[in-house]
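Chemist: Swiss-Prot feature annotations, pasted as is:
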type	residues	note
ACT_SITE	465	active site, proton acceptor
BINDING	4-33	FAD binding site
């Protein structure tokens, strides 16, 4: 088998690459995917979002090493092992990120990836339903919508934010991210609108696009050039040849793993693994970043939450309704209200994110209390903690070693304590008076810094937004892995395009910027002129210097 372009991974970026690289019909494209089909309600029904992430069929099922700052807990680190990758098992929340995120990328050496450069690509990929005119795309492959917003708890949350003095926003993916508002979802016609549904399946209808299901073992490098990919399928090892380029889009865990298995990475580590060094790039696997979050949960004194739908019988009713009509509760991920807030004066961009949910549930999907309730997933999104991905062994089937070093920076503790206290302030507004019962978690007895820290050590979890392990930067940056054209430094014919190349984590969920990365990388690969830079200026809070709201 051979193709002009061989893409490893059919996730958010890989699917977009397959679509754009094959668009004019001139190039043959072959996608390698270790997982399988996304057919069935567990993936396609939005309300079933907790299921695919817990199923080995769809998830690589990685765990971190014991995290010393989190009571040595091993933190769940899911990645999609299915067409569409993690866009097929995620929460379907769509966030572009803040303009300052991408300006920071350029400052860190990713020339041509400032907000003015990437905004046109966000517009190209979007089919926005109800977004801010002039700031959103309307005819792209990726449908983005808002939920029905029928539960009164959503309205209470947004009204509470206003009462606390915070901004509201009509479209956080438009000119103004900061504030309380309606959350956007990658859902269309009642179905999860993954990268597979948006990009990959339409691309596979073209004669010049193919897919092979198999495990990528390593990239074949001959005389300093990537010429193919060694894969294993059906117990047999074979090589897929690339006549032009190999593009790695295998996730922030598996992309650096593949590079290292292929001899690209920190020289000493590769020597320790018995792998011949093809390119000594110490940045491969370094710079691992992620978002953390905890659940803040409250009893609802009125029976208006989704608690009544948690018993198996009523889940079955919702599932049957969805199967018949693609409607009802099953057609929403139930994340329909949110907030993007600044933790302190002097910040130009938000750094705290809220996902509001009209039910109080545990990470396993069970009720957090025997009563109606509501909760927010709250996290500090600009952590300074950094981790790494390394090889466990030279065996391609071995899981990588994930060391996040969560909460290793003192500022993280200060910010998360603020998150706890700020959430109490928001839930304490009069908008919640009709609904507010006892605090379930952290609990009303958790007040001091020491008590909050103890709660955080036991309850912080990943928000599943890993990035940065194949950092994009200037060629003279010793820690950069790819240049701003996504080319692997030191190896010809090889690129990386996924969230692993982010120089710095963006503020918000990563599916959107990962797809954008695939879109923009495709133009670089094809040698096209980049889309014209935008001259639109995003809203920055005029009170930012003196107030947090």
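The backbone N, Cα and C atoms fix where each Cβ goes, and this holds for glycine too.
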Chemist: Using DSSP and three states only, what is residue 28 (FAD binding site)?
Modeler: coil
Chemist: Can you tell me how far the Cα of residue 12 (FAD binding site) sits from the Cα of residue 465 (active site, proton acceptor), in Å?
Modeler: 13
Chemist: Where residue 4 (FAD binding site) and residue 465 (active site, proton acceptor) are concerned, what is their Cα separation in Å, rounded?
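Modeler: Computed Cα spacing between residue 4 (FAD binding site) and residue 465 (active site, proton acceptor) is 31 Å.
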Chemist: Distance between the residue listed as 'active site, proton acceptor' and residue 28 (FAD binding site) at the Cα atoms, whole Å?
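Modeler: Cα of the residue listed as 'active site, proton acceptor' to Cα of residue 28 (FAD binding site) measures 31 Å after rounding.
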Chemist: Among the binding-site residues listed here, 4, 24, which has the most company in the form of other Cβ atoms within 10 Å of its Cβ?
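Modeler: The residue with the densest Cβ neighbourhood is 4.
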Chemist: With Cβ-Cβ distance below 8 Å and at least 6 positions apart along the chain, what are the contacts of residue 8 (FAD binding site)? List them in sequence order.
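Modeler: 14, 32, 216, 219, 229, 246, 247, 248, 249, 250, 258 - these are the non-local Cβ neighbours of residue 8 (FAD binding site), listed in sequence order.
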Chemist: Please work out the number of neighbouring Cβ atoms within 10 Å of the Cβ of residue 20 (FAD binding site), leaving out its own Cβ.
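Modeler: There are 24 of them.
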Chemist: If you draw a 10 Å sphere around the Cβ of residue 465 (active site, proton acceptor), how many other Cβ atoms fall inside it, taking every protein chain shown into account?
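Modeler: Taking all protein chains shown, residue 465 (active site, proton acceptor) has 26 Cβ neighbours within 10 Å.
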Chemist: Give the sequence-ordered list of residues that share a chain with residue 28 (FAD binding site), lie 6 or more positions from it, and have CB atoms under 8 Å from its CB.
Modeler: 3, 4, 5, 22, 208, 209, 210
Chemist: Please identify, from the binding-site residues 12, 16, 32, the residue with the sparsest Cβ neighbourhood, meaning fewest other Cβ atoms within 10 angstroms.
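Modeler: Ranked by other Cβ atoms within 10 Å, the binding-site residues 12, 16, 32 bottom out at 32.
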Chemist: Which of the three DSSP-derived classes (helix, strand, coil) applies to residue 20 (FAD binding site)?
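Modeler: Where residue 20 (FAD binding site) sits, the three-state DSSP reduction gives helix.
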